[in-house]
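Annotation source Swiss-Prot lists region 'Zinc metallo-hydrolase' at 30-210. Annotated Fe cation 1 binding site per Swiss-Prot: HIS79, GLU81, HIS147, ASP166, in sequence order, evidence recorded as sequence analysis. The Fe cation 2 binding site feature in Swiss-Prot is assigned to ASP83, ASP166, HIS227; the stated evidence is sequence analysis. The feature domain 'Rubredoxin-like' is assigned by Swiss-Prot to 355-406. What Swiss-Prot lists as Fe cation 3 binding site is CYS360, CYS363, CYS393, CYS396, and the listing cites sequence analysis.
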Amino acid sequence: MSIVVKNNIHWVGQRDWEVRDFHGTEYKTLRGSSYNSYLIREEKNVLIDTVDHKFSREFVQNLRNEIDLADIDYIVINHAEEDHAGALTELMAQIPDTPIYCTANAIDSINGHHHHPEWNFNVVKTGDTLDIGNGKQLIFVETPMLHWPDSMMTYLTGDAVLFSNDAFGQHYCDEHLFNDEVDQTELFEQCQRYYANILTPFSRLVTPKITEILGFNLPVDMIATSHGVVWRDNPTQIVELYLKWAADYQEDRITIFYDTMSNNTRMMADAIAQGIAETDPRVAVDRLSTRLQDAGFEMSLSLKAKWRPDQDALELCREHGREIARQWALAPLPQSTVNTVVKEETSATTTADLGPRMQCSVCQWIYDPAKGEPMQDVAPGTPWSEVPDNFLCPECSLGKDVFDELASEAK
């Protein structure tokens, strides 16, 4: 199977729907991944990279269906890790004399993985070119530590396609190949996760290397990555994002770290989060546990204990959250929250006007209509009668039917 990328460029890679761990177990690939290999058919036929070693046989068989292997004139290896060059041994067994173009560091890596120093290696450096006929050339650009010492990119003149290696990719498997064909929200979330996990340690190298590449003043109509989608619609948008992420990027976001045995500390953390959101609604508050589980961390079983914060303690937590939001704001706060007195003024609508507070009969958690439950999108000022039927007690996760009117407020 192959997919036309542009003109005489075909994708001949492999989709991996089932992979869930990458680089050990530290990077969870919940949407799988792909290993992108490209076949360029001009006067000279060029293969850009292979696929992961576990797909070696399928890859070579698929390639054989596209072209007589003996007609492959050059192999370009942008990166020597097994998810890029893993099928080399299987392929070179069929065409052992085919020239391989790569960096000097890549030769060491390839020999370390495949143990064939007799292969026909050709070292390339930044600015070196390879004529492939029909007026087209490959231009090589070394990109050490983005993200490996042997890394490089390859640019195809005429078609203006940049084969970018690991840069600008995502571990994102989809039946579609191009960026304009997939869900944009999910795509950019996966791009950011990929940058955070693969390239963040090398951020200080990203900006100068991208600047160097842009300095060649080469048009870029497409960016063909080693993993994930090919960027054909506004391809430089991902380049602009990389420059942004590399420049000490931070969002107006606060993460609350907490651990809890019986959900009491969680109640306090939620109250702090409520205070933050009251003061600066633009700030996103993430619960770390879900992110850690997404990253592959295991959570231990909890141990129940007695201590629970009362309403006064929770209000102290909310005020603490408000103060955090005021001190850490990256931009001027919305006018409606500048004066924290507004919080008290808006509570001119008294609890009595909103109806009684409700108490969970199982865990004793109290729903206060004046405060709502922002973590379930129940806004402050929502009477119990208007709370959605799918509401769950934040502490014991039981439904509305276990709630009774607070005894002290019962008529």
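Glycine residues also receive a Cβ, built from the backbone N, Cα and C atoms like all the rest.
Recorded features from Swiss-Prot, shown on the structure.
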| residue | record | Cβ contacts under 8 Å, 6 or more apart |
| --- | --- | --- |
| HIS79 | Fe cation 1 binding site | ASP49, ALA85, ALA106, TRP148, ASP150, SER151, MET152, ASN165, ASP166, SER226 |
| GLU81 | Fe cation 1 binding site | SER109, TRP148 |
| ASP83 | Fe cation 2 binding site | TYR35, VAL51, ASP52, SER226, HIS227 |
| HIS147 | Fe cation 1 binding site | ASP166, ILE198, LEU199, PRO201, PHE202 |
| CYS360 | Fe cation 3 binding site | ILE366, TYR367, CYS393, GLU395, CYS396, LEU398, VAL402, PHE403 |
| CYS363 | Fe cation 3 binding site | ASN263, CYS393, GLU395, CYS396, LEU398 |
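Annotation note: HIS79 (Fe cation 1 binding site) sits in a coil segment as assigned by DSSP. Assigned with DSSP, the residues of the domain 'Rubredoxin-like' (355-406) fall into helix, strand and coil as follows: 9 helix, 10 strand, 33 coil. Counting every protein chain shown, the number of other Cβ atoms lying within 10 Å of the Cβ of ASP166 (Fe cation 1 binding site) is 22. Cβ neighbours within 10 Å of CYS393 (Fe cation 3 binding site), excluding its own Cβ and spanning all shown chains: 23. Report note: the Fe cation 2 site is defined by ASP83, ASP166, HIS227, and the residues of the same chain whose CB lies within 8 Å of the CB centroid of those residues, excluding them, are SER33, TYR35, ASN36, HIS79, GLU81, HIS84, ASN165, GLY169, HIS171, THR225, SER226.
Neighbour density at the Cβ, taken as the number of other Cβ atoms within 10 Å, is lowest among the binding-site residues HIS227, CYS396 for CYS396.
The secondary structure of HIS147 (Fe cation 1 binding site), as reduced to three states from DSSP, is coil rather than helix or strand.
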